[in-house]
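**Q** For reference, the structure I am asking about is given below.
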Amino acid sequence: MSRTLRLLITGGGTGGHTYPALTTLSAIQRRQIPHDVLWVGTANGLEARITAEHGIPFKAITTGKLRRRPNLKELGTNIADVFRIPVGVFQAIGHAARYLPDVVLSTGGYVAVPIGVAAKLIRRPLVMHEQTTVVGLANRILSRLATRIALSHESSLEHLPASARKKAVVTGNPVRPELLQGNRAAAYDMFGLTFEVPLIYVTGGAQGSKQINTLIAEILPRLLPHAQVVHQCGPAWIEQMRAVEVPAELADRYHPVPYVGGELADLFAAADVVIARSGAGTVSELTAIGKPAVLIPLIPTGGDEQRKNASYLASAGAARALLEPRPPAEQLLAELMPLLADPGLRQAMGQAAAKLGRVDAADALCDLLLETAGAQTASRP
């Protein structure tokens, strides 16, 4: 486009929906494409904080979440949310009509539905991006309204309505470019690691995971003779994990930390194996960097997405996966030991993971936005 691109972004609630949009916007900025941007989300979602931190114009709308199988406790909330949705749609129409974008990028989450409806009503093209191997409820709705559909995985195509498949293209899921540029030596220096045994990086997300932390605590005495571990356990768990009893002569092989920030890229570069959940963002990062992993999906999640993501990677030889809701510690140890003992097996798994990754996903999605916006502009009188 020769003129300024007017981009409206919606999506959020969690990092899995927020960061792909942010990374795509960063690609637009890196390519020095003239643009204006407006992000529409919820006031209490992650997107509100992220946009404030990055100086991105933001408008909040009120909307609700429809739970597919609400229990009695959630039933009242579901009913209340039904009435919030039309309020959000009217607010979304107002923001979209005043901004008049050239193109709308939706990265999912329940907040995206009102803006998707608004885009259709004001006749502005909608590019919908799906991060998971399946298609979430919000995106199944939006796929019927979208001008183009960007998928992270080829396997998602079969989960779209038949009428929407011809609009779909596989772009991959954008990951932060800095994660691809880690320094292995820097991680070894930071944590005082040894080259005698492989390194396992364990993460359960920013807040940590009770399930993963408990499993690690149980297997540590048997694991540390064969590996060293950097364990991002969450702030609430740090004292408990520091108190886990391990053989005194192996204590310097275990490094629990409450949180991992800017050093994540270095840890990814250094790790021989990663133990993690299997959310869309984690899966995209692991495949982009080509890292062997043992995945422990959070069960249940909406649409059972994490278990399906983990199963997808495992079936491709790109990870080991513990697919039962409460896997025993023995199973985790059994999955780890062959990987620790065989560098060739780790290499093959990493190569299989890399085949599923798209390091150029942000640029591919950026190109799709520009193409769609250009077609919209050309069609105007």
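Heads up, the Cβ atoms here are built off N, Cα and C, so glycines get one too.
Keep in mind that TrEMBL annotations are predicted by a computer and have not been checked by a curator.
If you look up TrEMBL, you'll see Thr14, Gly15, Gly16, Arg176, Gln306 marked as UDP-N-acetyl-alpha-D-glucosamine binding site. According to TrEMBL, the domain 'Glycosyltransferase family 28 N-terminal' annotation covers 8-150. Positions annotated as domain 'Glycosyl transferase family 28 C-terminal' by TrEMBL: 200-363.
Describe each of these features in terms of where it is and what it packs against.
**A** Within 10 Å of the C-beta of Gly15 (UDP-N-acetyl-alpha-D-glucosamine binding site) there are 18 other C-beta atoms, taking all protein chains into account.
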**Q** List the same-chain residues at least 6 positions away in sequence whose Cβ sits under 8 Å from the Cβ of Thr14 (UDP-N-acetyl-alpha-D-glucosamine binding site), in sequence order, or say none.
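**A** Counting only residues 6 or more apart in sequence, the Cβ neighbours of Thr14 (UDP-N-acetyl-alpha-D-glucosamine binding site) under 8 Å are Leu46, Gly109.
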**Q** Count up the helix, strand and coil residues in the domain 'Glycosyltransferase family 28 N-terminal' (8-150) according to DSSP, in that order.
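**A** Across the domain 'Glycosyltransferase family 28 N-terminal' (8-150), DSSP assigns the residues as follows: 69 helix, 25 strand, 49 coil.
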**Q** Starting from the Cβ of Gly16 (UDP-N-acetyl-alpha-D-glucosamine binding site), draw a 10 Å sphere and report how many other Cβ atoms land inside it.
**A** 24
